[in-house]
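Chemist: Before I ask anything, here is the structure I am working with.
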Ligand SMILES: NC(=O)c1ccc[n+]([C@@H]2O[C@H](COP(=O)([O-])OP(=O)(O)OC[C@H]3O[C@@H](n4cnc5c(N)ncnc54)[C@H](OP(=O)(O)O)[C@@H]3O)[C@@H](O)[C@H]2O)c1
């Protein structure tokens, strides 16, 4: 729902704009996007400069820097394994980061704020494609429920600020993201960077067969992080409403198709095998992006093109990527 009174507005390029998490996958893409669009008063701090779990540090930072626009892309993020093993860390750290940043932003009168969540906020058995209105209509996927609850609290926090203070703060829920700056570590990474690393290593080592978990039949949606960054700026300039906005491509592919593209693009010529004794996970996970489309935005980076550029970036940075 887009509010009746909101007027789409180009953000002023000189206004102080804080990107929390500006060194991460999403935050760094948003930073690049804003620089490309002429923003020249961007503010970023690493976690060692301002630990967002530290309330005093966050309030001190806002008092000094006085940002007027904020994107909250700082979070403790991880794959299924990490989420399932350390649920307390994912709940506690994300709740503290959000609470501190949103409270400080309120106290210091931040005008436009975008909170980033994730598609794991939706019920495990939500009908596909997943519409925004399915939030809080069923049980969560247990392996990342602690993380999801923290993100749901963030969405509700944004809605509460709108209700109580009338500020035009918004939330966006991206699908699986990938691209330059991703986490390629075997323990912490998501499916696409994990496939890129595995197949590129197999190519280098001349491995005859690579075995993947499951049947390869689950369908997943992947959005290039530069498209995500473009959607974030678009939403900040064109959308206002209490509902979180899904951000995706509206298209999904089987894991088998994705593995095939990765193998072709890295130049791996060995066999691709599937260990069907391993679990597949949810058969399908696709966001309904009607709301985003209706606000006037479309993705522009195709999956093969995005995977190819991510592989090129990975190879250029193989010694410095998170691993
Ligand atoms: N990646 C995906 O596929 C995906 C999908 C959907 C939604 N999202 C959402 O997008 C957001 C960003 O994710 P991402 O993939 O960009 O994660 P990421 O690459 O791991 O980056 C997270 C960023 O958060 C910062 N951070 C973490 N803890 C901090 C702390 N205590 N104090 C200050 N900064 C802290 C880190 O700063 P330092 O580098 O300085 O330590 C890092 O730059 C998250 O809300 C996530 O839920 C991501």
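Glycine too: its Cβ is placed from the backbone N, Cα and C atoms.
Automatic prediction, not curation, is the source of TrEMBL annotations.
The annotation domain 'NAD-dependent epimerase/dehydratase' is assigned in TrEMBL to 18-248. What TrEMBL records for 21-27, 116-119, 151, 174-177, 190 is NADP(+) binding site. Look at TrEMBL and you will find 118, 120 tagged as site 'Important for catalytic activity'. For 147, the entry in TrEMBL reads active site, proton donor/acceptor. The substrate binding site annotation in TrEMBL covers 198, 213, 220, 280.
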Chemist: Measure the Cβ-based neighbour count of residue 213 (substrate binding site), defined as the other Cβ atoms within 10 Å of its Cβ.
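Modeler: A 10 Å sphere around the Cβ of residue 213 (substrate binding site) contains 15 other Cβ atoms.
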Chemist: Measure from the Cβ of residue 24 (NADP(+) binding site) and count the other Cβ atoms within 10 Å, all protein chains considered.
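Modeler: I get 22 for this one.
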Chemist: Which of these recorded positions is closest to residue 280 (substrate binding site) if you go by CA atoms: 21, 27, 118, 120, 177?
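Modeler: Among 21, 27, 118, 120, 177, 120.
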Chemist: What is the nearest of the recorded positions 147, 198, 213, 220 to residue 177 (NADP(+) binding site), using the Cα of each?
Modeler: 220
Chemist: With respect to ligand 1, which members of the recorded positions 120, 147, 198, 213, 220, 280 satisfy a Cβ distance under 6 angstroms to one of its atoms?
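Modeler: The recorded positions passing the 6 Å Cβ test: none.
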Chemist: In whole Å, how far is residue 27 (NADP(+) binding site) from residue 198 (substrate binding site) when you measure between their Cα atoms?
Modeler: 26
Chemist: Find the shortest Cα-Cα separation between residue 174 (NADP(+) binding site) and the recorded positions 120, 147, 213, 220, and name the residue that gives it.
Modeler: 120
Chemist: Using a 10 angstroms cut-off on Cβ to Cβ distances, just flag whichever of 120, 177 is the loneliest among these recorded positions.
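Modeler: It is 120 that, of the recorded positions 120, 177, has the fewest other Cβ atoms within 10 Å.
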Chemist: List the Cα distance (Å, whole number) between residue 21 (NADP(+) binding site) and residue 220 (substrate binding site).
Modeler: 26
Chemist: Can you tell me which recorded positions out of 27, 120, 213 are within 10 A of the residue listed as 'active site, proton donor/acceptor' by Cα, answering none if there aren't any?
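Modeler: Of 27, 120, 213, within range: 120.
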Chemist: Could you tell me which three-state DSSP class residue 118 (NADP(+) binding site) falls into?
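Modeler: In three-state terms, residue 118 (NADP(+) binding site) counts as coil.
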Chemist: Going by C-alpha distance, which of the recorded positions 120, 213, 220 is nearest to residue 24 (NADP(+) binding site)?
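Modeler: Sorting the recorded positions by distance from residue 24 (NADP(+) binding site), the top entry is 120.
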Chemist: Mind giving me a neighbour count for residue 147 (active site, proton donor/acceptor)? Other Cβ atoms within 10 Å of its Cβ, every protein chain shown.
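Modeler: That number is 29.
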